[in-house]
Structures are given as C-alpha cells and as structure tokens.
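Asks: Below you will find the structure I want to go over with you.
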Amino acid sequence: MSLSLSPAEVDALRPWLDSTIEELFLLPNPELADVVVTSLAEGTRFSQLRSRLLSVVKDELGANKFLNLIQAKVESLARSRKRPLEGAAESPAKRAHQAPAEPSPVPTTASTPSAAASADAARAKLDALLAGGNPALQKALAFEIPQPKAQAPAAQAFVAAAPPAANAASRPTAATTSAKTAPAKEPVNPYLAPATAASRFSRRHRNLTFFEPGAIVDQAEAQRKQARLDELKRKVEESLNKAAIKENLDLSDTFEDPYCGDPPIVEWWDAQFVTSYAGVDAGEAGLDYTAVSHLVQHPVPPEAPMPILPPPTKELFLTKRELKKQRRMRKLELEKEKQIKIRAGLMAPPPPKLKISNMVRALGMEALLDPTKAEMMVKEQRDLRQEIHQKANAERKLTQAEKRSKVQSKLEQDRAKGIRVLVFRITDLTDGGHRFKVDANARQLMLSGLALLCSPNNLVIVEGGSKAANHYKKLMLNRIKWNERSAPAADAASTAEAKPAIVAATEASEPNECHLVWEGLVSAPVFDSFRFKAFKDEKAAQDFLRSLDLGHYWDSAKNFTGEITI
C-alpha cells in the first residue's frame with residue numbers, strides 16, 4: 001500500500017507526528033519527522049517507509065509501532081475524504097432514477113431540497129458516530145461537510161415563475177419523495193447510552209484474523225517496554241524538575257564557604273613550635289633533634305598469670321567396626337611374626353590345638369583305639385589353655401595401689417590445666433554425716449580448700465581441676481540431702497526400738513539449704529589441703545578470709561540472694 005496525501009494534509013499532520021515521536025522515543029526527533037513528511041508527500045509505499053525509519057531509528061520495535069500508527073492515521077484520513085464524496089454522489093443518482101424521461105433544461109425546486117436532505121442525513125450519521133465516545137474516530141473525522149451551494153437569483157426567479165401545476169404534474173413533490181425513499185425511523189430508547197445506540201451503525205462485518213505464533217507475546221512485551229519507557233520518562237522529568245529547583249535556590253548568602261579564606265601563616269598543630277615556616281626547610285628553625293634516633297623503644301611484655309600450654313591433641317575416635325578391624329590387623333601382624341620365627345627355628349612350633357570337634361581328625365587311629373584316653377587328653381589341654389588365659393588376665397590386672405596412682409595421675413593432669421574455685425554457702429553444717437561427705441569427697445578428688453563453720457553462714461571453699469570441680473558441684477547441689485540428718489547412737493536397752501540411721505529434720509527447725517555463690521578460675525591455689533575450721537562469730541571468719549586476700553568470697557556469700565534452693 002502506498003501513501004498519497006495532499007500537501008495541506010501533510011502540513012496538518014506534522015504536529016501529530018512530532019507529538020507521537022516524542023511520546024514513543026521519549027525525545028523529539030525532527031529528522032525522523034522530516035523523513036515521514038517527505039515520504040507522505042512523495043507517495044512512498046509502507047515497505048520503503050519502514051526501511052527509511054530503520055535507517056534513522058535503531059529501535060526496530062519502536063519503528064514498527066510508529067509505522068502502524070502512521071498507517072492507521074493515513075487510512076482514517078482516506079476514509080474521511082471518501083465519505084463526503086459518496087454522500088454528494090448519492091443524490092444525483094437518486095434524482096436520475098426518480099425523474100421522468102422528458103428533458104428539463106432548468107432544475108426544479110425539488111432538486112435542491114433533495115441534495116440538502118442527503119447532506120443533512122450524512123451529517124446526522126457522522127454526528128451519531130462522533131457521539132459514540134470514540135476519541136480516535138472523532139479525531140480522524142474532524143472535517144467540515146460541504147454545504148449545498150445557493151442558487152443564482154435568475155434561476156430562483158425562473159423557478160418561481162414556472163407554473164406550479166406543471167411542476168406538480170411533471171414529478172412528485174419533495175414530501176412524497178422523501179416519504180417513499182426515507183426508511184421508517186425506529187423508536188429511540190432514552191435510557192440507553194449514546195455509545196450503545198451508535199454501536200450497531202459503526203460495527204461492520206469482518207473476516208477472520210489469525211495471529212502468528214508469538215504475535216500476542218510480542219504485543220505484550222511491547223506494552224511492557226512502553227510502560228518502562230513511560231516510567232523512565234517520568235523519573236527523568238522528576239529529576240529535571242528537582243535539578244531546576246536546586247538551580248533556582250540560591251544559598252550563597254546563608255552559608256559561608258570554609259575554604260574561601262586565605263591559608264593561615266602557621267597551622268594550629270605547629271603554632272607551639274614555630275612562628276613561621278620561613279626557615280623550616282633550610283634547617284634554621286632552631287628545633288632540637290638530639291632526642292630523635294632510628295631506635296624504637298618496645299615495652300616489656302608482661303608475663304602471663306598462667307603458663308601457656310600447647311593445645312591438647314584431640315583423640316581419634318574410631319567406630320566399632322574400625323576398632324575390630326584394627327584389632328584383627330594387629331593380631332594378624334603378631335601371627336605373621338610368630339610364623340617367621342618358627343620357620344627360622346627361633347621358636348618351637350606349638351602343639352596341635354585339640355578340641356572335641358577335631359579329636360578324631362587330629363589323633364586318627366589313636367582316638368579310634370582308645371577314645372576315652374583321647375577325650376581325657378583333649379579336656380586336659382582345654383583346662384590348661386583356660387588356666388593360661390586367666391593367669392595372663394590376672395597379670396595384666398592393676399593392683400589397688402596402681403589403680404589409686406592412675407586415678408591420682410589423671411586428677412593431677414586435670415589440675416595442671418587450670419585451677420577452678422567453687423564457693424558454697426550452707427545454712428547448717430553441724431551434722432556429722434554431712435561433714436564426712438564434704439571432707440571425704442574433697443580428699444578423694446584431690447581438692448584443696450577450707451570449710452568455715454560459722455552458723456548460719458557456713459562456707460565451703462574448694463579448688464582443683466575442672467573435672468573434679470564438676471563432680472564435687474553435683475555432689476553438693478544434687479546428691480547430698482541437706483534436710484536429712486544422722487540419728488544419734490541408740491542405747492543397748494532400746495535396741496528393739498532403734499530409730500533408722502537417717503531421720504528427717506524436725507518441722508520446727510529451719511530448712512537446711514546449699515547454694516553455689518561463686519565460681520571462677522584462679523592463677524594458683526591458696527590452700528594445700530582440705531580442712532575444717534570453726535569460728536565463734538562472723539567477724540572472726542571474715543577477718544581470717546581477708547588475711548588470705550579472700551574477703552570477696554565472704555562478701556559474695558553474705559550478699560547472695562539466689563532463688564534456687566537445693
């Protein structure tokens with residue numbers, strides 16, 4: 001399809017082109033508008049116009065959309081040119097069909113009203129279409145319908161002088177013609193919108209249109225791209241507006257520029273040493289550099305309160321399957337060494353291992369001749385093997401002294417890793433069974449410390465390794481029942497009615513409680529062993545602890561307000 005517009009139409013189309021280009025491409029492009037105007041004036045085909053647009057604009061999607069808009073605009077202009085011509089040509093055709101065959105050199109009075117009626121009908125139809133609320137159609141059909149030309153005065157006088165009877169006889173009147181030709185008007189519903197009433201006139205039959213695969217996706221992508229371009233355009237306009245506001249805002253009188261002044265003669269950090277920089281570079285400032293040298297004084301690093309030990313090596317924990325495999329491989333190595341020694345003659349070969357299951361196979365005819373003797377021989381060897389095994393186990397078993405030394409060595413290793421201190425406050429420590437448990441467990445766990453007997457604030461201070469401290473902590477807080485007391489020894493006369501060894505505390509007495517009031521690490525132990533010490537009053541106990549620089553233990557116990565009660 002080619003483009004053919006008149007110069008007046010091309011000039012009238014130029015503002016629309018500029019606005020459309022700015023809306024599509026976000027910037028005005030006079031060169032692109034000139035290319036379109038030139039092509040429209042020359043009658044260029046749409047395919048040639050598309051290649052010209054792509055030579056100016058590299059955006060193929062935008063160029064295709066712009067070309068579609070141009071094509072729609074040109075088609076609307078072409079339709080607007082054809083409609084008034086069709087309306088004007090319809091009236092002479094109807095007159096020729098309805099007029100008699102006799103020639104009439106002078107037009108009758110009915111011809112002029114017929115043309116006016118056709119023009120009025122065309123105008124009414126266009127008004128109905130424009131009233132439908134379609135902006136694109138209103139813009140495309142914005143033209144003036146040509147009015148019928150007025151007759152000359154001579155013609156009007158001649159028509160007036162003609163006999164009316166002849167006119168009436170020669171052709172029907174205008175009222176009769178309009179009644180025959182005009183269709184019957186349908187009743188108009190006043191409650192319907194104008195767009196609904198005009199929709200049946202504007203609708204026309206259309207052929208089926210099949211879309212290519214991906215056409216709808218391309219249209220949606222184009223719409224999304226257009227939305228992004230509109231958003232970008234809006235942001236650019238906002239930034240330009242903000243920049244314009246900032247440019248118009250003059251704050252030169254409000255704030256002073258701190259860098260506008262002249263630099264000082266002497267900087268403030270040099271003012272206490274020199275009054276000017278005149279002789280500094282030449283070495284004439286009079287500064288004393290004798291105390292400055294290339295040596296750097298390093299402070300003596302303080303010694304650590306505890307010896308820095310290397311990190312302990314982590315044991316490699318094996319699974320049961322790996323342990324079995326390791327044991328099997330170790331036994332296999334020992335057996336191979338034994339076989340090598342037997343082959344070399346360094347060791348006598350072991351006697352055959354007789355069992356009831358292999359007795360006949362091992363002894364042969366001897367077992368068949370005297371089976372009882374063979375059985376006794378097998379049982380003797382079995383008992384001998386069992387005795388050797390038990391003897392080897394007994395030799396490997398540790399003695400009581402070795403067990404104690406092993407436990408003691410582990411506790412010493414635990415103590416060497418760090419000293420941990422625990423301070424307990426006990427309400428009542430007068431019971432002998434409680435004192436025995438406190439003392440015996442502290443000695444067994446190699447814990448040093450002190451038990452201060454000063455009711456109602458009895459303190460137990462222990463120090464030792466981490467594992468031993470955890471064990472003693474569980475003993476004091478969980479295992480010992482502090483509200484149970486040991487009963488006094490029963491008389492011989494009342495043996496039958498002896499009380500149980502452990503009796504509950506009386507209801508009238510205050511409940512006995514034990515609290516952990518302080519826990520921490522120290523650099524070195526203060527006590528050599530664990531012992532008990534009784535005091536008459538709290539003042540004496542506090543003075544004793546302060547003499548050992550342990551007064552904070554007493555303060556922590558005195559001010560302790562914990563809610564956990566054991």
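A Cβ is built for glycine as well, from the same backbone N, Cα and C atoms used for every other residue.
TrEMBL: automatically predicted annotations, no manual curation.
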Asks: Examine the ranges 166-187, 188-209, 232-253, 298-319 and name the one recorded by TrEMBL as region 'Disordered'.
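Replies: Range annotated as region 'Disordered' by TrEMBL: 166-187.
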Asks: Can you dig out which of the ranges 215-249, 320-354 TrEMBL describes as coiled coil?
Replies: 215-249
Asks: Averaged over the whole of the coiled coil (215-249), what is the pLDDT?
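Replies: Its mean pLDDT is 84.
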Asks: Which residue counts does DSSP give the domain 'Small nuclear ribonucleoprotein Prp3 C-terminal' (423-557) for helix, strand and coil?
Replies: 44 helix, 37 strand, 54 coil
